Every structure is written in C-alpha cells, then in structure tokens.
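Asks: According to TrEMBL:
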- 221-249: domain '4Fe-4S ferredoxin-type' (DOMAIN)
- 21-42: transmembrane segment (TRANSMEM)
- 62-83: transmembrane segment (TRANSMEM)
- 123-145: transmembrane segment (TRANSMEM)
- 165-184: transmembrane segment (TRANSMEM)
- 300-318: transmembrane segment (TRANSMEM)
Amino acid sequence: MIISRPMSGKIRTARNYVQTVLILLFFVTPWLRWNGMQLIRLDIPERKFFLFGNIFAPQEGYFLHFFLIGAGLCLFLFTSLIGRVWCGWACPQTIYSDVFDYIGGLIQGSKYGKKDSPLIGRAVTHTVWFLVSALASAAWIAYFADPYLMLSYFQKFEIREELPTWTYFFGFFTLAMYADIAFVREQFCKYACPYARFQTVMMDTNSINITYDFNRGEPRRKGTTKIGDCTACNMCLVVCPTGIDIREGTNVWCIACGKCSDACTKQMQKEGKKTLIGYWSENQIKEKTNSIKWIRPRTVVYAGGLLLVLTVLSLLLWERVPLYLSVLADRNIQPVDVGDGKVRNFYEAQMQNLTLENRSLRFEIQRTDLEGVRRLWIGGTEEAVVELPANSDRRYRLFIELEPTPQDASQKSHEITLKVYDIHDPKFQKTNVVPFLLPISIAKKKNQSVARNIWTRVSNEPFFL
Ligand code: SF4
Ligand code: SF4
C-alpha cells in the first residue's frame, strides 16, 4: 500500500469541500424522514424500497433497471466529457483513503507513512481507522435497516441468542472496509475495480483528464541544463497515491485526484510559470488551443440515451399506481359446475397497498368475451369490496360465477379483465387479466342446449352480488 505525501493546493481544497458534502450526505440521509418514512431505505426482509415518501415493491424492479441504465449512461457521459471525475472526487474508496490519511497525519504528524514511525502512533491510528470503518459501515447499513432501531439496539446492548441480521453485515462491512482502506487501498483501484478497466473506452482525445503538457515540459531539465519547463523535481510522482508518473502519458491507474497538478503548480510558481499538469484534453495539449469540444458523436449518443431513459422513467413514475395486484387462477380447485347451468372459477388475489392511506378497493369485471351473466365474490363479500390498510399486503379468495350462453359454451377458455379501484379515489386503479375455464361437461350440455335453443339470458354489463 502506498501512503503518498500530502499536498495542498486549489484542487485539494475543492476536493475537500466536495468530499465533506458527500460524507455529510452519506451520514445524514438515513436519519431523514419523508411522510413519516425513511427518506431512502432498501428494506430487504420487508421487501420494500422507501424513496422520498414512496414505497416500491420488488415487482416494480423495472424502475431499478431504468435507474441503473440511466446511472450507467450518466457515468459514460461524464467520463467522456471530464474523464474519471468519479474516481478522484466522489468514489468512497478515494474519499475514505483521504480520510484515513488525514487521521494518520493528525496522529503521527510527519512520521505518518514512514518506516520509523513509533509503534504506539501506528496502533492508535489503526484503532481510530477501525472505529471510522465501524461508523461508516453503520451508516451504510442504515440504508437497509432503520437507524433509530439500530441506535436503540446499541443503547441497550445485550448479547442475545439471536442477533438482528444487520449486525452480521455490520461486522462484515466494518472488517472489509478497514482491511480495504488500511491495507489494500490503491491496489483495489489498480487491479480490482471494473470501472478502471473499461473507462478508457469511453474517453477520446477530447475528454478532459489530468494531463501533462509535454509540449512545454519536455525535454526535462537535466542537472543545470534547462531545456523544457519540467524541472524534474519528481514531486508529481512523490504525491501520487497510485504511484504513477503522469509525465509518461495517460495511465489506466490514474484516479484523476489532481494531487500531481497541485504539486506541479507549486513547483512552477517558483519558476514564475503555469502548471505543467492540469485538467486538459489531449487535443488541447497537442493543438495548443483553449477550446474544449464538448459536442462529439459519443457525447451526443450518451446524452441522447440518457435523455431517453430519463424520459421513459419519468413517464413510468408519473403513470405509476402504488398498488400491487396479482390475480391467479387457484390451481387446487378446478372450475366447478354448481348446478342450474352455472360455473364457478376460483382465484387468489394478492394485493399490496404501497401508500400510507387505507384503501377500500372494489373489484369489477371490466372486459370479457363472455356474454352470460357474471357474478363476482371476494373477501367473503358480495359487494366485491375489500379493505386494504396502508402499507400492507393481503391475500383474498376470489371466485367468479357465470351462467354461460351458447356462445360462451362454444369454447372452453375465456379471458376476463378485472379492474380494481379505490371507491373513494377511482383514479387509484389497476387491472389484471385472468382466464375463465368451462368444464367440458358444461360445454357439452350447453352445446346440446344450443340445439334446443333455450338460452335467452345474456348480459354484457358487469354486475355484482
Ligand atoms: S497521476 Fe496525478 S491525478 Fe493521477 S492518481 Fe497520480 S496524483 Fe492523482
Ligand atoms: S511536478 Fe511538474 S516540474 Fe516537477 S517533475 Fe512533475 S511535471 Fe516536472
């Protein structure tokens, strides 16, 4: 693991501000509430995702797909425009490496990272690092478990036979984070991070990145001979947290932290010159132009894709009805001939109220190719109205009874579109298509009846008992 020399400068200051805001956001967000619910929480045991006062069910996973596609395109777009800005400014690996270095510097001073640093200083540093890892892991777990419950658990801590599931993850993430930042650090960026591997394909010679101005810098100073502007002070190399020499060209290991730029700025100030390393595109260096080409085929494609995904996602969210409805034919009970020429089909309706209001939901047959008189029962009521409390899910037995007409009896399988709506808020509605099957015996009887032409009772209107 490399512990690089600290370096102050404009980029370091700007990164300090950005990283402080991100850390605060990370720690504070789990404590925030919206409509009485946690602002963001992926509750895996409850199978619910709380987001800005909305509750999402696992069956709405397509939102997550769109979100991930959008996030991926966002990453592509920003990488093609401004390189690995994520790595240097917002990646938790980089942020916590900086936090660990800051703590190490505070405790051990100039001895931090040196081989001859006192053992006690190192032990204290590692203890604080471990505590920071525990804090950060608790904050991370709080996106999956209620932080107030976690806090009360810690307050009245007692060894129980059964620990809450999150405690295992808390222990795992604490150890993983401590091991990663305290011992692995830049090796992860170099050898394990998938983004580092494929980010180069998103960049071109117009992408802005930490770049060395070889036109001005080369050839480097040798002894007292001044040739290019680079003084060969090697400060850019000494401060690099991944141990690379940016003067050798763009490197896949560079995390665009800008420390080398700050170092070179200081060195060049002594010479009364501008820095040789900065956020520039390769073309800016080669063609000695200040203009940045933002609009390029790849940025247009990424931006267009992102816009499309965001539009679809917004429309889906706009149209979303926070009710999960699934009506399935009950495979354990076959369609039944109940006498008087009537047939019953049985179903199981599963519903989840994803709002914070109690709902009175009525079932209706919205559409069907059946012509005979239909009746529908659910939840033991002939009115087909069920009460679904806020943020809850229920299962109901549902059956549909039909007096088939000769037309209905001409085929065994039919479709019924069921509509479920809130009787106080009809816009709160969902539909589900279910099959309706006729027993062969009825179909036969009805066909005989067709011959005798005794079927007269037909209704196309949905009605309930
Ligand atoms: S080359 Fe510069 S920007 Fe890249 S990782 Fe090293 S110090 Fe950071
Ligand atoms: S910090 Fe600047 S001057 Fe010093 S070696 Fe690096 S590029 Fe050259």
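The count begins at 1 with the first shown residue.
Including glycine, each Cβ sits where the backbone N, Cα and C put it.
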Asks: For the domain '4Fe-4S ferredoxin-type' (221-249), report the average pLDDT of the model, please.
Replies: 89
Asks: Between the stretches 62-83, 123-145, 165-184, 300-318, which one has more Cβ pairs under 8 Å with the transmembrane segment (21-42) than any other?
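Replies: Against the transmembrane segment (21-42), the leading stretch is 123-145.
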Asks: Please identify the stretch among 62-83, 123-145, 165-184 with the greatest number of Cβ pairs below 8 Å relative to the transmembrane segment (300-318).
Replies: 62-83
Asks: Can you break down the domain '4Fe-4S ferredoxin-type' (221-249) into helix, strand and coil residue counts using DSSP?
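Replies: Per DSSP, the residues of the domain '4Fe-4S ferredoxin-type' (221-249) fall into 7 helix, 2 strand, 20 coil.
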